[in-house]
Amino acid sequence: MAVQLPHSFSERMKNLLGREYEAFAETYGEIPHTGVRVNTLKIPVEALRRIMPFGIEPIPWCSTGFYTPEGARPGKHPYYHAGLYYIQEPSAMAPVELLGVLPGDRVLDLCAAPGGKSTQIAAKLQGRGMLVSNDLHSERTKALAKNLELCGARNAIVLNESPERIAEAFPGFFDRILIDAPCSGEGMFRKDEDMVRQWDESTPAKYAGMQREILQAAARALKPGGTLVYSTCTFSPEENEGGITEFLAGHPQFSVVPVGGTGSFAPGFQPLPDTARLWPHKVKGEGHFIAVLRHEATAGEDTAGTRAGDPSLPVAPRRETGGRTAVPRKDKTPESRVDNRGGRSSGRNGSRGRSVAFTSEGDIMAAYAEFTREQLGWQPEGFPILFGEHLYMSPLPREALDGLKTVRPGWYMGQVRNGRFIPGHPLATALAPHESRRSVSLAGDGAEAVSYLKGETLSIPSDRLRLAPGAAPKGYVLVCIDEYSVGWAKWQEGILKNEYPAGWRWT
Ligand SMILES: C[S@@+](CC[C@H](N)C(=O)[O-])C[C@H]1O[C@@H](n2cnc3c(N)ncnc32)[C@H](O)[C@@H]1O
């Protein structure tokens with residue numbers, strides 16, 4: 001059924017589009033297009049195309065994006081749980097394509113939840129450099145963290161901060177910044193009727209104010225010579241060309257990189273035809289606006305990147321925390337942290353109320369070293385950061401996050417309980433099968449894969465386990481679906497005890 005558009009919205013659009021309005025209005029009677037984006041952290045595009053259980057068609061503006069056919073249920077397939085693709089609205093794949101992310105970059109995704117674009121950035125980084133994913137609303141950072149864990153990101157930090165505080169902590173630090181701004185959502189009316197209900201004539205002006213502040217802060221966090229992409233899913237010029245024009249007037253060191261009028265991207269309205277618009281009557285996707293801005297470095301400004309993970313990284317100065325939850329310390333557990341089984345920790349040290357003797361930092365690191373030697377046979381890279389007895393490997397040293405509300409300081413390795421190292425779920429999802437000394441593969445189209453994802457115990461004879469030379473069959477096993485990791489299990493005498501977190505299970 002066609003969406004009922006607010007009268008004043010239709011009038012505004014008639015003024016904007018003139019003769020094109022009729023074609024635009026007709027799209028509201030059509031079914032929105034759906035898509036998936038291949039997670040190249042886990043699988044190459046061509047490999048996924050070969051095994052995808054339904055036909056998919058390329059999306060012109062995203063080399064890893066594909067339209068899904070009507071009736072397909074990509075969220076109900078084991079490959080989704082193995083993180084092989086992310087379900088994403090096709091137009092929403094465009095901003096990151098224009099951000100130009102390269103492996104090794106430092107990237108900030110300032111308004112990131114639930115993580116569609118962050119997971120796309122993580123794939124482009126290919127585990128090198130770093131991604132700082134932030135969202136102002138703490139409830140929304142849970143989905144953000146989970147999506148980054150599902151896609152197997154190893155170099156992502158999740159923050160729950162205001163853009164101003166991020167700019168204070170990381171002045172001139174990032175090579176690339178994405179602002180996928182909160183907006184009036186007019187471009188999503190066809191897909192999400194809640195956006196229609198929440199809209200009135202004053203909505204664009206309300207968001208324009210927020211967007212102005214976010215842009216100002218982002219400009220301070222960008223490295224000279226860096227790239228900033230600003231995107232919205234709305235049509236109103238005051239949130240798009242208007243906001244960018246005002247920003248450019250106050251920031252002469254920025255200029256627009258021309259993308260409008262190329263390929264599928266229609267030009268923006270005057271005075272910024274070089275910005276891009278995606279119109280639902282011109283492309284198979286919802287309405288979007290994108291401005292690509294480049295900071296022109298002047299002579300003498302430092303534009304050289306520093307390799308992520310290098311101890312010579314500039315470290316943000318320590319500040320008072322002002323009573324906020326600070327970055328993980330040995331003696332602090334953040335309220336919002338999800339434990340290694342995907343559930344919420346209730347007790348101190350993530351012990352779910354059981355009393356656990358405090359383990360020293362040295363003991364934790366020793367248990368971890370023993371685990372990595374026996375289970376992985378190699379050492380994950382990064383700065384170790386402890387949250388109570390929980391260990392993360394971060395692309396930044398702990399001091400760089402001091403005083404910031406940190407949801408995830410990096411890749412979660414696991415925790416020490418009763419002297420033993422318990423590997424975290426995100427460690428498993430980011431591993432390739434050969435990176436674990438014990439693994440087992442379940443067929444994607446078989447009953448075992450779904451049983452595992454439902455949390456059930458499986459019977460697996462020892463000859464189905466893949467063991468590195470010298471590895472005993474008993475112990476943690478990396479469970480894979482058609483060679484793509486999904487989680488941990490523990491094998492003993494033919495029984496695979498399920499370690500898939502309750503909050504992640506197939507329902
Ligand atoms: C359009 S959504 C982002 C969608 C996300 N980029 C994705 O691809 O999945 C905008 C986000 O901005 C967040 N937000 C709102 N105000 C913000 C602010 N001042 N600073 C940072 N994030 C903000 C909202 O919570 C929301 O999650």
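Including glycine, each Cβ sits where the backbone N, Cα and C put it.
Here TrEMBL has CYS111, ALA112, ALA113, PRO114, GLY115, GLY116, LYS117, ASP135 binding S-adenosyl-L-methionine, and the candidate from ASP175, ASP180, ASP192 in that same listed site is ASP180. Whole-number maximum of the Cα to Cα distances across the S-adenosyl-L-methionine-binding residues CYS111, ALA112, ALA113, PRO114, GLY115, GLY116, LYS117, ASP135, ASP180: 13 angstrom. Report note: the S-adenosyl-L-methionine site is defined by CYS111, ALA112, ALA113, PRO114, GLY115, GLY116, LYS117, ASP135, ASP180, and the residues of the same chain whose CB lies within 8 Å of the CB centroid of those residues, excluding them, are ASP109, SER118, SER133, ARG140, LEU144. Within the set of recorded positions (CYS111, GLY115, CYS233), the lowest number of other Cβ atoms found within 10 Å of a Cβ is recorded at CYS111.
Mean predicted confidence for the domain 'SAM-dependent MTase RsmB/NOP-type' (24-296): the pLDDT average there is 97.
Across the structure, CYS233 (active site, nucleophile) and ASP180 (S-adenosyl-L-methionine binding site) are spaced 9 Å apart at their Cα atoms.
When secondary structure is read from DSSP and collapsed to three states, ASP180 (S-adenosyl-L-methionine binding site) falls in the strand class.
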